[in-house]
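As structure tokens, the structure follows; a few thoughts come after it.
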Amino acid sequence: RRLSLHEYLSMGLLQEAGISVPHGVVARTPDEAYKIAKEIGSKDLVIKAQVLAGGRGKGTFEGGLKGGVKIVFSPEEAKAVSSRMIGKKLFTKQTGEKGRICNQVFVCERRYPRREYYFAITMERSFQGPVLIGSSQGGVNIEDVAAENPDAIIKEPIDIVEGIKKEQAVRLAQKMGFPSNLVDEAAENMIKLYNLFLKYDATMIEINPMVEDASGVVMCMDAKINFDSNSAYRQKKIFDMQDWTQEDERDRQAAKADLNYIGLDGNIGCLVNGAGLAMATMDIIKLHGGTPANFLDVGGGATVHQVTEAFKLITSDKKVLAILVNIFGGIMRCDVIAQGIVVAVKDLDLKIPVVVRLQGTRVDDAKALITASGLKILACDDLDEAAKMVVKLSEIVTLAKQAHLDVKFQLPI
């Protein structure tokens, strides 16, 4: 999992780092938006919906308001527009039909750019480290620019040990087309952004656009920052900023239980240890005509509690008609997984078929636990056979539902 912050929080981090950004304040009610607009004192303001999704500007709110980024010209208008955003769901291409709730808006001064540029820092495997990315074409979808004109994207790899050098930032600013009198200022902003990237264990910082504004100042008009979830233990300040209202409830529960979970569209639940084995398990389910309902990696040191929580996560998805547990016990002990399965099946009064494939450390103890439980858990030593079995069982349950038959795999028998 990666952490994404709201724009106003990202802009706050930039401001702390001494990077030029437009003045703005977050508002959580229309009345707050009115008050902030009045305090800013400008007749030109921008109201930005704070929703963790791309394409806000082209989105639509429930209630009919078009666009999650609006220009307003008075505190009264700021209040009126905010009232149509706050507490409403915004639907974009990225959110799909579920939409995402807007709980706050960012009220900021409007700046007039002479030119717009694109700038980002990300980790890239081909360079085995961080890379600066720039383009003279900012303020637009950079993926479209890359597809239509790949030469417009400039990359500058950074040696992770030596760090960024001023000549690298200057070279990139020149290639991006900054006027000669602003090259040094643009380069200084890039260096500050790189230092921010390292300080907070970011995996990406995207500024779109970075601009030369009408007063001749280089400014970052927007900021998107992603953080490495592995750094949560030392980036408490950052991870405490996470807005869980923007996440699926299952993602929240998975994070709480320290499980790697991603919900999918299928009907076969998967519980696996190890990301590689989890992906291979999903592949083999697809190979035999099934569709995985999730990616779920319990890791190498899962406890009975975590396995139970994993089952709760899987079964909270009402599309799930069968479950495949695939464990290769190296560090992970098979008997711990078996205890978790037995506890979960009993606690949840599970009525859907569970196929279990266990191999490795203490596998015989695990099989004995499952047998002694008296539960109808279907064991299989071969992964290919286990996948075929769970796909077939999901098809049986599907047919029963289509025929309006109350066919359940009663556990225990």
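Along the chain as shown, residues are numbered 1 onward.
The backbone N, Cα and C atoms fix where each Cβ goes, and this holds for glycine too.
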Check: Need a hand: Swiss-Prot gives GLY330, ILE331, MET332 for substrate, which of ASN273, ASN294 is also on that list?
Finding: ASN273
Margin query: Using CB atoms and a 10 A radius, I'd like the single residue among the recorded positions ASP44, ASP222 with the highest neighbour count.
Written below: ASP222
Next item on the list: Only counting partners 6 or more residues apart, tell me which same-chain residues put their Cβ under 8 Å from the Cβ of TYR112 (site 'Important for substrate specificity').
Entry: ASP213, ALA214
Next item on the list: Report the nearest neighbour of ASP222 (Mg(2+) binding site) in space among the binding-site residues LYS48, GLY55, GLY57, MET332, comparing Cα positions.
Entry: LYS48
Item checked: Rounded Cα separation (Å) that holds between GLY330 (substrate binding site) and ARG56 (ATP binding site) -> 45
